[in-house]
Amino acid sequence: VCFCILSENSGEDISSVMGFSGFGKKARTFDLDAIFEQTRRTAIERSQRICIKDFIVLLLIYCFIVSRQQASDDSSDSSDSEPIGPPLPPGLSAQPEEEEDELIGPPLPPGYAGSRADDDDDDDDDDVKKIPDTHEITLQHGTKTVSALGLDPSGARLVTGGYDYDVKFWDFAGMDAALHAFRSLQPCECHQIRSLQYSITGDVILVVAGNSQAKVLDRDGFQVLECVKGDQYIVDMANTKGHTAMLNGGCWHPKIKEEFLTCSNDGTVRTWDLNSDKKHKSVFKPRSLQGKRVTPTCCTYSRDGKLIAAGCQDGTIQIWDRNLSVHTKFHCRQAHTPSTDTCCLTFSYDGTTLASRGGDDTLKTWDLRNFRKPLNVATGLTTYFPMTDCCFSPDDKLLVTGTSVKRDEGNGKLVFFDRESFKKVYEIEVASASVVRCLWHPKLNQIMVGTGNGLAKVYYDPVKSQRGAKLCVVKNKRKEKQAETLTQDYIITRESCYSSDLDISRLPHTSHPGEDRRGGRVAAHGGTLSSYIVKNIALDKTDDSNPREAILRHARDAAENPYWVAPAYTQ
């Protein structure tokens, strides 16, 4: 730099002064003033071009407006009855001002009737028309309450669980019109089934029952994992490996296929890894306002899997960040009435709204951006079961839940609410029992319902629904194979071919009158089916035609040894 400065000041070449030819490549120099001036000129030219373009556009618009105005003035002078303004679209005729009943505007689409004042009602009608309830099938699970429903993501298989401890598998593609389950088992022995859910891949099923250990089954009902049980003598539940009390609910992670969630009466919400059965993955502990332990009655993931929500027995709804298990991210202290079991929590498909079904006979929606008070509240929805749930429609416009009734006091209903206005837009009378579970599958567009009398119903529409129940109702019932039974009038034939030299020893034994057939050759049976049948026929089947003589046959023994009856009557 010093050499360059010296060369500029002296005007001589430094290389010649120093006695050598040069320094090699010379450094590139920049004239900052020239660059700045060139940039300023370019900016001015561009701004002038933009102004010219804007001016031309405005001029064209002005000319267009003036020409249309002149055309309208000419038409108004020729005919006063024609409307003032631009020409009407083809197919639309001008109407007199006195006819107020006619619609003003462009022509209505074909098949549309009504007025613009009824737009809201028409929207509600459109939402109602989307409900697939024109047809239904009934699956007989048992005689007790169907407390759990699960449908795989593809909609091919349905699994039901109930208070009778049974879990039944239904294959829509494999069933015929008889509607029989292809498998029934009791995975948790004598514990009521609380929740069933397929994973996001549909290859495994989470089974939550009334015990403290959740199980994972494969598609055919074979056990894949059983969660470990915790130590009930440890005070801090975070230091135990698993739950120590009855489970209340569980669900799979919506994005990670190996992770699932459970909540229990021990006051914890735990996440688990399918590949690790030794210990839970993380623990979330709901707390009351005083910092005491509260019982979570339901739990769920958000649609993106980043949040974990739990409804508690003290009426609160607590939401954590999945990666931060200490403090809650959202907390509502008075979501539902204390000492009532919050039955269900579910997130909308857009992830902004949370719906809660309370044991206080209410249904509420919440905005996560303002979690202090509910958006909407619906009351008078009776529930007698701690697992009565709710769900959103596939288009996120409707919210569905069930109602409970006492025996012989009415019908349980499936009630549909508009998500925005929260008006009851539709209801379905399901059965003369409570509606416990409901599930609206987004791919099949079919609604599955579990009732209190052991029925699982599937509602569908032949036009709007896909596959599912439509596959089995079109198949004929298989003919039952008649079991071949033998009556008492047996006819047994035996064909034998004998040579000319007949062997007398091979002839059948002929019994004489009064001979005990059991002691003869008939009783000697071999290993063939006919021999076994002959043996059973030859059993002693004596029939006493005179009952008095049959009783008096034992009179002498009773007189000699009065053990049972005589001592009592002698007193």
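Including glycine, each Cβ sits where the backbone N, Cα and C put it.
Note that TrEMBL annotation is computational and uncurated.
Note that this is a predicted model, so its numbers are computed, not measured.
Features reported for this protein in TrEMBL:
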- 72-135: region 'Disordered' (REGION)
- 139-171: repeat 'WD' (REPEAT)
- 240-282: repeat 'WD' (REPEAT)
- 289-321: repeat 'WD' (REPEAT)
- 345-370: repeat 'WD' (REPEAT)
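For the repeat 'WD' (240-282), the model gives a mean pLDDT of 92. The DSSP breakdown of the repeat 'WD' (139-171), given as helix, strand and coil counts, is 0 helix, 19 strand, 14 coil.
In the repeat 'WD' (240-282), the DSSP tally of helix, strand and coil residues is 0 helix, 19 strand, 24 coil.
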